[in-house]
């Protein structure tokens with residue numbers, strides 16, 4: 001009987017602490033997916049265009065740059 005009481009009280013306590021934690025952390029994670037998406041877009045390797053000095057064989061150069069033949073035979077983004 002005592003063991004059953006202790007188990008019931010501990011389950012109620014753990015459930016209450018989980019609910020309190022969930023309510024507390026809800027506002028902190030509201031836009032987490034959008035923030036991670038924006039961070040991925042800003043990474044240097046995730047850009048859609050090649051910057052000055054980068055190769056332009058597999059992707060186009062950024063606006064204002066043109067693809068010029070490089071010394072190794074591949075194209076390089078230059079002004």
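These residue numbers are counts, starting from 1, taken along the chain as shown.
Cβ atoms here come from the backbone N, Cα and C positions, even for glycine.
The signal peptide annotation in Swiss-Prot covers 1-22.
Within 10 Å of the C-beta of residue 62 (disulfide bond) there are 15 other C-beta atoms, taking all protein chains into account. According to Swiss-Prot, the disulfide bond annotation covers 49-62 (among others), on the basis of similarity to another entry.
Long-range Cβ contacts of residue 67 (disulfide bond) within its own chain (separation 6+, distance under 8 Å): 56, 60, 61, 75, 76, 77. Secondary structure at residue 67 (disulfide bond), as computed by DSSP, is strand. Residues annotated as disulfide bond in Swiss-Prot, with similarity to another entry given as evidence: 56-67 (among others).
Summarising the annotation, Swiss-Prot assigns 4-hydroxyproline to 60 (among others). Following the DSSP three-state reduction, the secondary structure of residue 60 (4-hydroxyproline) is coil.
Other C-beta atoms found within 10 angstroms of the C-beta of residue 61 (disulfide bond) number 21, with every protein chain shown included. Positions annotated as disulfide bond by Swiss-Prot, on the basis of similarity to another entry: 61-77 (among others).
Residues or ranges marked as 4-hydroxyproline by Swiss-Prot on the basis of similarity to another entry: 63 (among others). For residue 63 (4-hydroxyproline), applying a Cβ distance below 8 Å and a minimum sequence separation of six or more within one chain yields 49.
Each of the disulfide-bonded residues 49, 56 was assessed for Cβ neighbours inside 10 Å, and the highest tally belongs to 56.
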